[in-house]
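S.K.: So TrEMBL lists these for the protein:
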type     : residues : note
TRANSMEM : 26-48    : transmembrane segment
TRANSMEM : 120-139  : transmembrane segment
TRANSMEM : 146-166  : transmembrane segment
TRANSMEM : 178-197  : transmembrane segment
TRANSMEM : 209-230  : transmembrane segment
TRANSMEM : 242-262  : transmembrane segment
TRANSMEM : 274-293  : transmembrane segment
TRANSMEM : 299-318  : transmembrane segment
REGION   : 353-408  : region 'Disordered'
COMPBIAS : 363-379  : compositional bias 'Basic and acidic residues'
COMPBIAS : 386-395  : compositional bias 'Low complexity'
Amino acid sequence: LKKWISSLKLVSLCPLFSLRQLAKTLAMGQGLAVLICGTAITSQYLATHFQVNTPMLQSFLNYSLMCVTYSTMLLCRTGDGNILQILKHRWWKYLLLGLVDVEANYTVVKAYQYTSLTSVQLLDCFVIPVLLVLSWWILKTHYRPVHYVAVCICLLGVGAMVGADLLAGRDQGSTSNILLGDGLVLLSASLYAVSNVCQEYTVKNLSRVEFLGMVGLFGTIISIIQMVILEYTEVAAIQWNWQVGLLFAAYALCMYALYSCMPIVMKQSSATSVNLSLLTADLFSLFCGIFLFQYSFSGLYLISLVVILIGFITFNAVPTPTHQTEPATSSTCKTGCDENPEVKTQEVVVRITNEEEEEDKEEQGVDRETKDGQEEEWRRRMKRASGSSLSLRGGNDNEDIVGRSTKL
């Protein structure tokens, strides 16, 4: 009865826990979207008011903060978590990952010089299907039909947002080379998908500090080299003042907070879930632009926000189990011992009964040996007695005595 009552309590609390977890994931995802909105606003202020277009310099500030913080933490560790041991075993993997992450940030900013804002917003959603494929292939994530429906709902919300931009006349950006710009957006989306899948794998299997420290280290090196090669003249032409410095600092802090918090959200949900929540970042930027840049408002913006949130909640309402390719021995023992106590008890009982049976057999064998020895000893004594009687009496009487003794 106690077990039944406790099971009913657990069943009644499960929806509460899942609802709380869903609300927490939604809030954290929208917090990341707000941080991306901060990076977009500061970049737009630098471009429109101060004619500063230096994406590599801005990325360098972010990676340098990550390097100073998390790479130093790895340097202070001991054992396999030390930065020297990590570089010894996995340096080339993090070098490729840092290169992918840097180029993903650079290509999407570069695409605005060749194509329109509408094309960037639409084609940037290409990261979602690429993430689905990579998560299924690399992370062995099992998606259900409801997850694909949720992704389609989110993409419909993005379509409503683009429609609102067209109606409001916000189809901004250059159209000097649309084919090149669209290709850069697709390349950026693919690189972001690869980076996010690698980030999810590293965070869930190794550690968050290791990912951020190594990406910060190699990202700093790569961004310095690329900035010197591609943005030397733009950086030299910057007219520095306190406003430009404040905007650069705001951008770096927003990006640093985004990179620091994204692994936490990704560890609780998935890379696909995080990117679905980031679809609302453009909407937050538009809402801020209504007050800062005098954008015209459209009711489709609110509709698209609601549709994207509905799709995000639908996606996270159903869990996406992952198949562990390399199960740990300790985890298997823990789950097996905790979830199946009856099997464990039965095995012990069987072992005990087997040992008892073996002990009984040994005792029975000892008893039989003692009984056989006693019988042989008794027969020897009877033979001695019969031999002595033969010397005293005749043969017929002795046969009677031996016959009686044998019967006895």
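Every residue gets a Cβ built from N, Cα and C, even glycine.
Any TrEMBL annotation is an automated prediction that lacks curation.
What's the neighbourhood like for each of these?
M.R.: Listed as Cβ neighbours of the transmembrane segment (26-48) (distance under 8 Å, sequence separation of 6 or more from its ends, same chain) are residues 54-55, 58, 109, 244, 247-248, 250-251, 254-255, 257-258, 261-262, 264-265, 268-269, 273-274, 276-282, 284-285, 288-289, 292-293, 309, 312-313, 316.
Among residues of the same chain six or more beyond the transmembrane segment (120-139), those with a C-beta under 8 A of the stretch's C-beta atoms are 108, 111-112, 148, 151, 154-155, 158-159, 161-162, 165, 173, 181-182, 185-186, 188-190, 192-194, 196-197, 200-201, 270-272, 275-276, 279, 282, 322.
Within the chain carrying the transmembrane segment (209-230), a Cβ under 8 angstroms from the stretch's Cβ atoms is held by residues 54, 56-57, 59-60, 62-74, 81, 83, 86, 90, 94-95, 97-99, 101-102, 106, 199, 202-203, 259-260, 263, all 6 or more beyond its ends.
With a cut-off of 8 Å between Cβ atoms, the residues of this chain six or more beyond the transmembrane segment (242-262) that come close are 28, 31-32, 35-36, 38-39, 42-43, 45-46, 50, 52, 57-59, 61-62, 65-66, 199, 212, 215, 274.
Remote same-chain partners of the transmembrane segment (299-318), defined as residues 6 or more beyond its termini with a Cβ less than 8 Å from a stretch Cβ, comprise 18, 22, 25-26, 29, 144, 146-147, 149-161, 163-164, 167, 269, 272-273, 276-277, 279-280, 283, 286-287.
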